[in-house]
Amino acid sequence: MTNITQDRILILDFGSQYSQLIARRVREAGVYSEMHAFDMSDEEIREFNPKGIILSGGPESVHEADSPRAPEAVFDLGVPVLGICYGFQTMSEQLGGKVEAGDVHEFGYAKIDITHQDKLLSKISDEKNQSEVWMSHGDKVASLPEGFTVTSSTPSCPYASASDESRGFYGVQFHPEVTHTQKGVELISNFVHIICSCGNAWNSENIIEMRIKQLQDQIGDQKVLLGLSGGVDSSVVAALLHRAIGDQLTCVFVDNGLLRLNEGDQVMQMFADNMGIRVIRADSEARFLSALSGVTDPEAKRKVIGREFIEVFSEEARKLDGVKFLAQGTIYPDVIESAASKQGKAHVIKSHHNVGGLPDDLAFELVEPLRDLFKDEVRKLGVALGIPHHMIYRHPFPGPGLGVRILGEVKKEYADILRLADDIFMQELRQSGWYDKTAQAFAVFQPVKSVGVVGDGRRYAWVIALRAVETVDFMTARFAHLPYELVDRISTRIMNEIKDVSRVVYDVSSKPPATIEWE
Ligand code: XMP
């Protein structure tokens, strides 16, 4: 088997909000990449053995005292280097050029005039020798190091890009990694393929093949336990492990009674019936509802749900004999974020997997087969492993489930009504094509009664709120501008089909100041 991570690109992170995007773009180009902090030691860099290095952007100015610099090994290793924004500036400064503080911060679209076609800018210009790029910088390079040639400029940025092709050093002031840069993908592909001579080995089929081999080596003939939630990450882990070790895998699916309509049955059908995976379904609705009885505060509800989850999961785990490993759906952004926040190399246990804090008598070794993958790579893997598209591209669902979508105290009666309303909402979103145009959508149960009229009678029943948002990062979000006809159809259906609902409202709050969930 070819080693698909042998052709690898090292990304040194100087703190730009776009650094992760660089790693993703390189991988989308079919080349394995890893992102590390800019102060990686010379020895570690040599050991990593990259075929090329990319220096990311960053918030600092090279003029500031103690501003970060690229390690010496970057320029001594004899592999091509691409500096982006701050990366270009520090590279210029370290190689003998000059950077000057910009009076104005240049932010947004710009057109570069390509004045010299090097390998990096190959096939990115239009018929006027221009290309649209995304700029975001204050400082700029004012004189180039010896051996460098300017390759493009804008009216306000004389060195928008430059290179010393004899040494394989390239720099761009703009951000090729963001989608606003028209030919950014091509530029990054030029760097990794033409300049660094990397192959195209990083793709789903190869990743699956490599991962299965690694899992078999790690696990041998031991048993593995996985908490299956039905979410994307744990589903992909289940499918991958099943391929690698078959019946040595046991999944525990905790049905807490706070799932969407028929969700528990669907998870069982998909994994147990269709894929033949051993899944233990822990039906725990009564237990969760009883623990939640009388609890109204959102954070208190989250804690109760988390605690019950761990207890149920632990009880099921104790019933199994000789399990050595616990599998987790940790993905690469979790790893990067935990490293960035200086928590060291500790394992991140995602709160929504809810298996952190297992009791001491359950001492497992961890198996984390998605640890080096981005979410979009995990999704592609899931599709390649045969998990249906609609499961892989589902909206995220919070760990506490309907527990935080029923305001205040959670009761079975409320959960049942909410499930029906939510299901109608989802059906209509899917049918109208709006499901894929929104990032997250759901119904929320309002524990207030409102008057309605049905036929000749008065109805005094519950209120349902509909929430749909558009967002990429879930940090900020805009309420989705669903067509009125669609909202009309959904609200009519909910009030007609569910006798306990007398009114439907649409949430028009954006985040901030509101959050996506109501609790
Ligand atoms: P908010 O409501 O903070 O939500 O704007 C941002 C994203 O996080 C999800 N969310 C949670 N996920 N456990 C989870 O696993 C939680 O307690 C939780 N609270 C919010 C929310 O659904 C949205 O995608």
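Glycine too: its Cβ is placed from the backbone N, Cα and C atoms.
Automated prediction, rather than curation, is the source of TrEMBL annotations.
These figures come from a predicted structure and were not determined experimentally.
Listed in TrEMBL:
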ACT_SITE  Cys85  active site, nucleophile
ACT_SITE  His175  active site
ACT_SITE  Glu177  active site
DOMAIN    202-394  domain 'GMPS ATP-PPase'
BINDING   Ser229, Gly230, Gly231, Val232, Asp233, Ser234, Ser235  ATP binding site
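Within 10 Å of the Cβ of Glu177 (active site) there are 27 other Cβ atoms, across all protein chains. Rounded to a whole number, the C-alpha distance linking Val232 (ATP binding site) with His175 (active site) is 30 angstrom. When Cα-Cα distances from His175 (active site) are compared across the recorded positions Cys85, Ser229, Gly230, Gly231, Asp233, the shortest belongs to Cys85. Across the structure, Ser235 (ATP binding site) and Glu177 (active site) place their CA atoms 29 angstrom apart. Recorded residues Glu177 (active site) and Gly231 (ATP binding site) have their alpha carbons 28 Å apart, per Cα-Cα distance.
Minimal Cβ crowding within 10 Å, among the recorded positions Cys85, Val232, is found at Val232. The Cβ of Gly230 (ATP binding site) has 21 neighbouring Cβ atoms from other residues within 10 Å, across all protein chains displayed. Looking at the domain 'GMPS ATP-PPase' (202-394) alone, the prediction's average pLDDT is 91. Ranking the binding-site residues Ser229, Gly230, Gly231, Asp233, Ser234 by the distance of their Cα atoms from the Cα of Cys85 (active site, nucleophile) places Asp233 first.
The Cβ of Ser229 (ATP binding site) has 24 other Cβ atoms within 10 Å, all protein chains considered. Every protein chain shown contributes to the tally, and the Cβ of Ser235 (ATP binding site) ends up with 27 other Cβ atoms within 10 Å.
Same-chain residues that are not part of Ser229, Gly230, Gly231, Val232, Asp233, Ser234, Ser235 yet have a Cβ within 8 Å of the Cβ center of the ATP site turn out to be Leu228, Val236, Val237, Gly329.
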